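Listed in TrEMBL for this protein:
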DOMAIN    194-243  domain 'PHD-type'
SITE      196  site 'Histone H3K4me3 binding'
BINDING   197, 199, 221, 224  Zn(2+) 1 binding site
SITE      207  site 'Histone H3K4me3 binding'
BINDING   210, 215, 237, 240  Zn(2+) 2 binding site
SITE      211  site 'Histone H3K4me3 binding'
SITE      219  site 'Histone H3K4me3 binding'
């Protein structure tokens, strides 16, 4: 039962994202930049890799959310991260902090603690990163971005020291998806947006129109009708193809 409720909740959130196509500013590391952009695109969001501090005053007020990952942190990028996070928090926009390898240097730890002070909506990290941010581990106790602690070892730090410091933060484990505190980040849904396809969902991704002018549905998502590429020539949805075939057999 819990599994069904969880999957239903995930689908509800994913549908909300696809309906709004939120603009997400990403100040992330070079290693994961492509992955972050493609993941957001596949979810229906609109990623923007805007890193320059000079663009923050003009661009950040228009975003729906902000993602900050310190994986390849440099002194040049830190001001952008702090400026965007501060402005997002002031405007009530959710923002996520990924304190990658936070304890590998004093510079990185200090930078992440300063970002935590800007009240992230979500802090996403592995066990060691959460423990380090809470002050329960000293700088230098690290395996880089890998965790030397189990996620369960970080629960207390997440619930007490870190959750208090971040005020509204939901502290999540990268390995288990466990959360200690949270806030509702539901996106607004337009009840008047039309739905399509056999799944009765809104438009997203690649879609195809049935060539039957009398088709009741008309537009379909590629994945829902088993397509990977645009077919050559005319294409009919499963229902219309069945009707067309039955008429030929008469």
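Count begins at 1; order follows the chain as displayed.
Quick reminder: no glycine exception, Cβ is built from N, Cα and C everywhere.
Note that TrEMBL annotation is computational and uncurated.
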Compute the C-alpha separation of residue 196 (site 'Histone H3K4me3 binding') from residue 221 (Zn(2+) 1 binding site), stating it in Å without decimals.
8
Which one is it: of the binding-site residues 197, 215, 221, 237, 240, whose Cα lies the shortest distance from the Cα of residue 207 (site 'Histone H3K4me3 binding')?
221
What are the DSSP helix, strand and coil residue counts for the domain 'PHD-type' (194-243)?
10 helix, 8 strand, 32 coil
Nearest of the recorded positions (210, 211, 237, 240) to residue 199 (Zn(2+) 1 binding site) - Cα to Cα:
237
Out of the recorded positions 197, 211, 219, 221, 224, give me the one sitting nearest to residue 240 (Zn(2+) 2 binding site) by CA distance.
211
Candidates 197, 221, 224 (binding-site residues) with Cα within 10 Å of residue 211 (site 'Histone H3K4me3 binding'):
none
Taking all residues of the domain 'PHD-type' (194-243) together, what is their mean pLDDT?
87
CB neighbours of residue 240 (Zn(2+) 2 binding site) within 10 A?
19
Name the residue among the recorded sites 196, 219 whose Cβ has the smallest number of other Cβ atoms within 10 Å.
219
Nearest by CA distance to residue 197 (Zn(2+) 1 binding site): which of the recorded positions is it, out of 210, 219, 237?
219
